[in-house]
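S.K.: Below you'll find the structure I mean.
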Amino acid sequence: MLFLQFLFLDVVLGGSITKNVVQENISFYLMQISSYANQSWVQNCGSGWLGELQTHGWDSESGTIIFLHTWSRGNFSNEELEDIPLLFHVYFSGLSLEVQDRVSQLQIKYPFDIQARAGCELHSGEPPKGFLYGALNGLNFLSYQNKSWVPSPEGGNRAQKVCDLLNTYEGIKETAYHLIRDTCPRFLLGLLDAGKMDLQRQVRPEVWLSSSPNLKPGRLLLACHVSGFYPKPIWVMWMRGAQEQLETKQGDILPHADGTWYLRVTLDVAAKEAAGLSCRVRHSSLRDQDIILYWGHGLSVILITFAVIVPLVLLIILVLLCKKCCTYQGIP
């Protein structure tokens with residue numbers, strides 16, 4: 001979900017954004033997981049995603065869409081939005097019946113999962129691209145290409161049989177084509193427009209350093225913590241002067257409850273070589289003002305503060321005790 005503001009303007013203005021802007025793409029897609037425990041039990045889970053941001057959920061009990069943001073409806077009319085849950089209900093019902101009827105024929109053993117990912121991508125200066133992929137128990141099974149169902153190599157003969165069957169249903173092929181090539185791009189543009197205030201927000205990261213003993217004697221594991229930033233794309237690196245430390249290891253970017261992100265970047269280094277290292281953070285919210293924290297500087301400040309405050313506190317306590325003793329001595 002990179003540089004959404006540029007993408008939005010690029011789409012609306014027909015690709016007129018300066019060529020110096022890094023070209024990215026944005027996608028909207030639906031995720032489906034259907035779990036079949038036995039011949040009579042199936043659970044369908046669905047969700048909608050704008051890039052890496054979840055925008056929709058699916059209530060399988062009521063057969064309704066869950067809108068996770070105030071702008072999750074995009075600019076579709078109420079009539080259009082009412083048609084979509086009905087379409088999903090028909091799809092899930094039909095899929096369950098077909099699958100249960102053909103489990104033996106396809107030699108599929110319970111329990112098993114069917115996954116699907118369908119949506120569209122917008123690339124700067126290019127027409128929208130639709131996609132639809134299906135998987136069985138986590139392995140690629142089939143895809144939709146050029147108005148036809150195509151088996152994946154991992155799916156083997158079983159996938160070929162399913163595609164041969166699906167390709168006989170012209171109505172299903174036309175519906176799939178219409179959804180990923182027409183409906184999805186229109187809905188994606190509507191989401192970008194309706195949610196542009198949220199999607200374009202910039203939140204500066206907070207950065208701090210820490211260390212922990214390494215398993216190897218004489219070494220330290222330095223950690224650079226970056227928290228509370230939005231949007232997600234960020235660059236963090238341990239540096240020595242202008243030299244990037246290639247041994248830097250980046251963890252997963254983890255979400256906060258408020259929609260911002262957290263990242264921890266570490267460097268395994270000899271304790272005697274830690275001096276002179278720094279952590280550098282680049283983020284769109286910082287513009288060109290990178291955050292740079294030097295290892296040891298914060299520790300030095302703490303030690304200096306501790307060295308000044310502790311004697312001062314002790315001196316104050318000593319003075320108070322002396323005054324108290326003098327007071328007691330003056331009492332007859």
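Positions of Cβ are set from backbone N, Cα and C atoms, glycine also.
Relevant sequence annotations retrieved from Swiss-Prot are reproduced here:
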- C120-C184: disulfide bond (DISULFID)
- C224-C279: disulfide bond (DISULFID)
- 205-292: domain 'Ig-like' (DOMAIN)
- N25: N-linked glycosylation site (CARBOHYD)
- N38: N-linked glycosylation site (CARBOHYD)
- N75: N-linked glycosylation site (CARBOHYD)
- N146: N-linked glycosylation site (CARBOHYD)
- 1-17: signal peptide (SIGNAL)
- 18-300: topological domain 'Extracellular' (TOPO_DOM)
- 322-332: topological domain 'Cytoplasmic' (TOPO_DOM)
- 301-321: transmembrane segment (TRANSMEM)
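Burial and contacts for the listed features, if you can.
M.R.: In sequence order, S27, F28, Y29, P128, K129, G130, F131, I180, R181, C184, P185, L188 are the residues of the chain that are 6 or more apart from C120 (disulfide bond) and have a CB within less than 8 Å of its CB.
Listed in sequence order, the residues of the same chain lying 6 or more apart from C279 (disulfide bond) and placing their CB within less than 8 Å of its CB are V207, L209, C224, V236, M237, W238, M239, V265, I292, L293, W295.
DSSP assigns N25 (N-linked glycosylation site) to a strand in the three-state reduction.
N38 (N-linked glycosylation site) has a Cβ environment of 10 other Cβ atoms inside 10 Å.
Non-local contacts of N75 (N-linked glycosylation site) by the CB criterion (under 8 A, 6+ apart in sequence, same chain) comprise L189, G190, D193, A194.
Taking Cβ-Cβ distances under 8 Å and a sequence gap of 6 or more within the same chain, N146 (N-linked glycosylation site) has no neighbours at all. In the three-state DSSP scheme, N146 (N-linked glycosylation site) falls into the coil class.
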S.K.: What does DSSP call C184 (disulfide bond) in the simple three-state scheme?
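M.R.: SS state of C184 (disulfide bond) = helix.
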S.K.: If you draw a 10 Å sphere around the Cβ of C184 (disulfide bond), how many other Cβ atoms fall inside it, taking every protein chain shown into account?
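M.R.: C184 (disulfide bond): 24 neighbouring Cβ atoms within 10 Å.
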S.K.: Can you give me the Cα-Cα distance between N25 (N-linked glycosylation site) and N38 (N-linked glycosylation site) in Å, rounded to a whole number?
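M.R.: The separation of the Cα atoms works out to 40 Å.
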S.K.: With helix taken as DSSP H, G or I, strand as E or B and everything else coil, how many residues of the domain 'Ig-like' (205-292) land in each class?
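M.R.: DSSP composition of the domain 'Ig-like' (205-292): 6 helix, 50 strand, 32 coil.
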S.K.: By a simple count, how many Cβ atoms lie within 10 Å of the Cβ of N25 (N-linked glycosylation site), its own Cβ left out?
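M.R.: Other Cβ atoms found within 10 Å: 13.
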